[in-house]
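*Asks:* Got a structure for you, written out below as structure tokens; questions coming shortly.
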Amino acid sequence: MIRLDHLTKRYGATVAVDDVSLDIPAGAICALVGPSGAGKSTLLRLINRLIEPDGGCVQIGGAEAGTLPVVALRRRIGYVIQSVGLFPHWSVARNIATVPRLLGWETARIERRIDQLLDLVGLPPSLATRYPHELSGGQQQRVGVARALAAEPELLLMDEPFGAVDPVTRRTLQDALLEIQARTGTTIILVTHDVDEAVRLGTVIAFLSHGRLVQAASPAEMLRAPASAEVAAFFGGPRLGLRLLQTASAGERADFARTIAGEPVEAEAMLDEVVARMAAAGVTSLPVKDGQGRRGVISLDDVVAR
Amino acid sequence: MTHSTAQDGSLALPRARPGAPALAAAFILALCAVAGLAGFVSVAPNRLASGQPLPLWVASGPAVTFALVALAGLIAGLALAPRRPDRPLLVALASAMLVLGLVAATGEAATRLVAEGASGGGRLTRVSLGPAFWIWLVVALLVFADATGRIAALKLRFLLVLGLAAGLGGLAASGRLADLSLAREFAVNRDIFVEAVATHLGLTFGGLLLALPAGIAIGAYAAARGRRAGALFAGLNLIQTIPSIALFALLIGPLTALTAALPALRALGLAGIGAFPALIALALYALLPVARAVAAALTAVPPATLEAGRAMGMTRTQLAREVTLPLALPILLEMARVVLVQLIGLTVLAALIGAGGLGTFIFRGLGQTAADLVLLGALATIALALAAHLALGLLIGLARPQGAA
């Protein structure tokens, strides 16, 4: 578990992070959102001590981060930034091996780990010997994620990781991140200015404004019960209903007592995908199947129910 | 374009546009025609009398003339020939042969003319190099430099340059050039010459070494401060605007006063004239380019890369050694090359304030209207500058990170 305990950071007269307390359970994906200048990135950088707090502390797995040697602490925390920051003079493999090398792993272990990670982030092994400038933006970001995960960190910090890639690539990378997180169980804290990304990726969303934590809740709760007008304006608007569709899966709404004929949707599919399938097929109900092979049915009424 | 050719570590001219080979060929042929009419060597009865110019075919005879013109024609033909991958190599080899042939021809001509002079009773006959020789030589060297610059393989390039240098050295060592007035001047001044080269290099590298600590500190400060370092560079720019001869002279006054006030300095052999002010002037000139190089090299490292390194848990030393230095090194060496070549040239002026070096020959030659003495100093300076340029070019080629596009 990650505990932020009354964290405060001041720059002169401005308070960038103002008395923020937040518990993030192990294995969660916490999306930090809020307007520009809300202190999201500052908060993230306080966690791996790229900047030191003026008050409060960070606890990672029960240990206080401020008391650990800073270099050792950072090697336990993965970090991915928008501009990726790959080392341009090192091959992909050497980039991924950065932290394992710093930790003094044996060569054979590092090589095995590089193969595993390329597979994990969905890159072909042939890319290992390439240099960053030879890769596309999406590939570079995947290498960035692989490098951050190399030494199996308990915590992964991501600062607008998909902000600089095109929408299609962003969507692919988001899917890849969800799959990676499902496989590794790493706790992730992610800064984003993209509401849809926060709703799609976050298990918890923390809304910051002027350095203060305004609300921390699940995406569904954030959309349904915003704590302030500012939060409501940030998440709401004409797309509120569409975002709500991203917070529940077909399996949660389906009726497994009966089924109908047709090509079934997966139970894990989000409701927005179900609506898309309905609109494409011109129907108002669809068959559902889940991982255990159970079959059910979901109707448009189930989808829009609150 | 000049930027990337400089990075290649070559002597290359700016890379040619499509129509350029034909132009180059026409240029070569036109120059050969002009050079054919002018004096290839000039013969004088003694060091003081003015010489009589002899064109190539008179000085060297029809066979040598034909061979050299044929070689030049071959190069022009290659330049016009349809593009083939090994063309640069062939042109480089042919132009290197032309350079060696030209130099050998002057040597042969000198030996023959001196022998004729001796049989005619003139024991002081001097054979010096004429304008036609220089035009031929410069054109041949330019073609060579351009052609080697187009060869992709760094090793092959350096083999060619080393080969040409070794060829010229071999010609000189074989004694075939011994009757040229330049060679005689060298033979007479051999000991002083060797000492002058050593002094020259000592002054150049001494000035650079003196400039390095301050230059690195200023550059690092400027890189950290970003824009606010502007005033600092303005100050350094001011030093660069002082004419170099003036700076050498300006230092004499204060340094004489300083050494007069502090006998301890005098005891160390420091004085207002000589090596001391020369080193300080050279260091002052090197300061701006060194500081700029360090600032440019350090700011060239992407901030995101440094932040990533820090966030991965690199210590400050690891970050400097594994990230900043490898990324900054090619830029540093590039600038070192510029500074070094510039300083080698500036050091010539140090002779004016009694610091010695190759300038001694140039200024003595000017004083005595002995062109060969001037040439001896100038050619040696050019050779040193070229050697520094090439050596650092090789280092840059080796230091360039593979990943840098």
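Glycine residues also receive a Cβ, built from the backbone N, Cα and C atoms like all the rest.
Automatic, uncurated: that is what TrEMBL annotation is.
A quick note: this is a predicted structure, and the numbers were derived from the prediction, not measured.
Feature annotation from TrEMBL assigns transmembrane segment to B:21-44, B:56-81, B:88-107, B:127-144, B:156-177, B:197-224, B:231-252, B:264-288, B:339-363, B:375-399. Feature annotation from TrEMBL assigns domain 'ABC transmembrane type-1' to B:197-392.
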*Asks:* Thinking of Cβ pairs under 8 Å, which stretch from B:56-81, B:156-177, B:231-252, B:339-363, B:375-399 has the most of them with the transmembrane segment (B:127-144)?
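*Replies:* Of the candidates B:56-81, B:156-177, B:231-252, B:339-363, B:375-399, B:56-81 scores highest.
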*Asks:* Looking only at residues six or more beyond either end of the transmembrane segment (B:88-107), which have a C-beta under 8 A from one in the stretch?
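*Replies:* For the transmembrane segment (B:88-107), the nonlocal Cβ contacts are 40-41, 56, 59-60, 64, 67-68, 71-72, 74-75, 78-79, 127, 129, 133, 136-137, 140-141, 143-144, 146-148, 150-151, 156, 160, 163-164, 167-168, 171, 176-180.
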*Asks:* Below 8 angstroms Cβ to Cβ, which residues of this chain, lying six or more residues outside the transmembrane segment (B:156-177), approach it?
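*Replies:* Residues 9-11, 89, 92-93, 96, 99-100, 103-104, 106-108, 110-111, 144, 148-149, 183, 390, 394.
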